[in-house]
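Features of the protein shown, as given by Swiss-Prot:
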type	residues	note
REGION	1-253	region 'Methyltransferase domain'
ACT_SITE	Arg72	active site
ACT_SITE	Tyr76	active site
ACT_SITE	Tyr98	active site
REGION	254-370	region 'Clasp domain'
REGION	371-376	region 'Precursor leader'
MOD_RES	Leu379	N-methylleucine
MOD_RES	Phe381	N-methylphenylalanine
MOD_RES	Thr382	N-methylthreonine
MOD_RES	Phe383	N-methylphenylalanine
MOD_RES	Ile384	N-methylisoleucine
MOD_RES	Ile385	N-methylisoleucine
Amino acid sequence: MIGASLAKKGQLTIVGSGIASISHLTLQAVSAIENADIVCYVVADGATEAFIRKKNPNSLDLYHLYGEDKQRTDTYIQMAEFMLIRVRQGQNVVGVFYGHPGVFVCPTHRALYIARSEGYKARMLPGLSAEDCLFADLGIDPSSVGCVTYEATDLLVFKRPINPASHLVLYQVGIVGKSNFKFDYTSDENIHFTKLLDRLEEAYGPEHSVTHYIAPLFPTEDPIAEEYTIAQLRLPEIRDKIHTISTFYVPPKTSESLIYDEVLLASLGVTHKPSVPYPWNPEATPYGPREKKAIELLAEHEPPKGYRPLKERSGLLAVLEKLCLEPLEMKKYNEDRQAYADGLKGLTENEKEALVKGDHRTLAGALKVGDTPTNPAALVFTFIITRLD
C-alpha cells in the first residue's frame with residue numbers, strides 16, 4: 001500500500017481548525033494550508049475563513065454544500081467527493097474542518113479511506129475538539145476515573161451503556177434525533193430533548209448535576225459552564241439555553257464505590273488500596289501530610305543522574321524545526337536522507353547519523369547532552385498519579 005500511494009501524484013491532508021477562532025490552528029496545520037494546491041474548508045467563523053484565504057488564496061468553502069432540503073449524510077458524501085475529485089487530478093489537497101477533523105466528522109474519514117484505497121497518500125493531522133476545551137475549562141482529567149463520550153442521539157438509538165462511576169461527555173445535545181440540516185435551528189425544535197433527559201435520569205436520578213458547556217469561539221468571549229440538575233433541565237427557561245453547539249458534561253456519582261481486584265493488586269505487590277487523588281477525590285485535601293513532605297523536599301532537590309538537559313548549541317535543532325514546518329524540506333529529506341544530511345553544515349557526526357536514522361530515540365538523544373539514544377521510558381510523561389504509589 002505504501003508503494004502504491006507514492007506512485008500517484010495527488011494527495012490529501014485533513015487538518016482541524018480547532019474551536020477558538022484562528023488561535024487553535026496548529027503550526028503544522030498552517031504549514032499544510034500554505035503549501036497546498038487547493039484548500040477545501042468547513043469552519044465555524046469568518047475570521048478563521050479569512051485567515052485560511054490569506055494563507056492560501058486558492059481556497060474553497062464547502063459549507064455551501066449543505067442544504068435544508070438535504071440529509072446531512074448526502075452533504076458529507078458530496079464534501080468528501082469534492083476533495084477526492086481534485087486529489088485524482090493530481091493536486092495536493094488540504095481539507096480544513098472545524099474542531100478536531102476526526103472527532104464527530106464524517107466526510108473526513110470517508111475521504112481519507114477512499115483516497116488510501118485508491119492508492120493516494122492521505123493523512124489526518126490532529127486538532128482541538130470541543131472536548132479538549134471542556135477538559136481545560138472545567139478542570140477535568142479523563143484518566144482520573146475514566147471517561148465516555150457519546151453523541152446524544154447515538155446514545156439513545158443504540159442504547160449505549162452509561163457508567164455512572166466515570167465522566168460522561170455528550171455532544172450535539174441541542175439537536176437530539178435530527179438528521180436534517182438547517183442554517184438556523186431554534187431551541188424549540190429540539191423536541192426530543194426530553195428523551196435524553198429521561199435516559200440520564202434513569203442512570204443518575206433527577207437531582208444529579210449536569211454542566212451545560214459551550215467553548216468560546218472568539219477571544220472576546222468566556223466559556224459557558226452552567227450547572228443544572230437533570231430535573232432543572234426540563235424547565236422551559238433552562239431548556240431554551242441549549243443550542244446546537246452545546247455539550248453536556250455529566251460528573252460521576254460520588255456515591256459510586258470503587259471495586260478493587262484484590263487478587264490483581266496482590267500480584268502487583270501492592271499492599272494498600274489505591275485511592276483517587278485530589279482534586280478528583282472530594283474527601284482528599286490539597287495539603288495533607290504526604291503533600292507537605294513532598295513540598296519540603298522541593299527546596300533541596302537536585303536533578304537526578306538520569307536527567308539529561310538540552311544541549312546549549314545544536315545545529316540539529318534548526319534542521320528539525322524546518323522539517324516540522326516546511327513540507328518541501330521534508331520532501332527533500334525523504335528523497336535521500338543521507339544526501340540531505342551530508343549537505344547540511346553545522347552538524348556533528350552523531351547528529352548527522354541521528355538525522356539519517358530518523359527514529360525518535362536517536363533524534364531525541366542527539367539533542368541532549370551525551371548524544372546517546374534516549375530510553376523510550378523517558379519519552380513517556382505520566383502526570384497523573386497511578387494510584388498505586
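Just so it is clear, glycine is given a Cβ too, placed from its N, Cα and C backbone atoms.
Keep in mind it's a predicted model, so treat the numbers as computed, not measured.
Arg72 (active site) sits 16 Å from Tyr98 (active site), taking the CA atoms of both as reference points. Here Tyr98 (active site) is positioned 14 angstrom away from Tyr76 (active site), judged by their C-alpha atoms. The least crowded of the active-site residues Tyr76, Tyr98, judged by other CB atoms within 10 A of its own CB, is Tyr76. Under DSSP, Tyr98 (active site) is assigned to coil, being neither helix nor strand in the three-state scheme. Neighbour density for Arg72 (active site): within 10 A of its CB lie 16 other CB atoms from the protein chains shown. Confidence in the region 'Methyltransferase domain' (1-253), given as mean pLDDT, stands at 91.
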